[in-house]
Amino acid sequence: MLLNVSPNGRIIACLLINLLSSICIVFINKWIYMHYGFPNMTLTLIHFVVTWLGLYICQKMDMFSPKRLPIRKIVLLALSFCGFVAFTNLSLQNNSIGTYQLAKTMTTPVIIIIQTTYYKKTFSTKIKLTLVPITLGVILNSYYDVRFNLLGTVFATLGVLVTSLYQVWVGAKQHELQVNSMQLLYYQAPLSSAFLLAIIPFSEPLSGDGGIFGPWSLAALATVLFSGVIAFLVNLSIYWIIGNTSPVTYNMFGHFKFCITLVGGYLLFHDPLSLNQALGILCTLAGILSYTHFKLVEQEEGKNRLAQRP
């Protein structure tokens, strides 16, 4: 698994895998919801079960060695994943698409606040300023679709907080427990599945059209299973990227994926793309490119300082 590639090469390869799989799963899930009406939380549960099965196969193929972890050390990580899924779904359900996307952009500054306050991590002014064009770009994308309501705002706020905690903890737990992305996800996936399994009967119908045990066609089940395989690549690459870079870098990359998804929706599903959205995409990309440039410069300066030490 990318063992003979340089560290920068591995990061680029994983970013590319995450980019392709993340965009792919958005369109596959959209197809599943549009054409089959498969329940959302159940689909997420299937994704995590398939992720664990994929990791089990990888372990049997000696791609990694499982490391015994105390459940109490990862229970908050597993719960935060369930909260992240539940609150982002409720935010999407109770808000317009624009409000939902605008709320998601707040994840990056919240992550910076959490890491600065609780993990004593420092960020340069240049890095913080790159948030301005990114946020402005998403506002331009969402401007005509932002409609705030009290319940939607509560769910959006909770979604941002829990998502930020989840992404910070993914990286922190890998370093704290001295495990790689596969070893951590191998334990977290089944635990999150168990929590989701307890929630689903109260949130989705069990039978009938659109129910968990509804009359699903073979094509629907095959598409759902395929989306699970793609989700395995998404989940694994998320853990790897955060563990080897940072939650902020992953979030910046997420904004880039958002722009690509908008363009993909326009090209594949003929979704409308206004001038404001096009300007917003360019503005967001400018912020991401600025962040990448400043981050690379800081890394190079750090290497030079280390090299100059006696």
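Cβ atoms here come from the backbone N, Cα and C positions, even for glycine.
Feature annotations, courtesy of TrEMBL:
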TRANSMEM  12-32  transmembrane segment
DOMAIN    20-291  domain 'Sugar phosphate transporter'
TRANSMEM  38-58  transmembrane segment
TRANSMEM  70-91  transmembrane segment
TRANSMEM  150-172  transmembrane segment
TRANSMEM  184-203  transmembrane segment
TRANSMEM  215-241  transmembrane segment
TRANSMEM  248-269  transmembrane segment
TRANSMEM  275-294  transmembrane segment
Field: Among the ranges 12-32, 38-58, 150-172, 184-203, 275-294, the one whose Cβ pairs under 8 Å to the transmembrane segment (70-91) are most numerous
entry: 150-172
Field: Interface-richest range of 12-32, 38-58, 275-294 toward the transmembrane segment (184-203), CB pairs under 8 Å
entry: 38-58
- prompt: What is the pLDDT of the domain 'Sugar phosphate transporter' (20-291) when averaged and given as a whole number?
  reply: 80
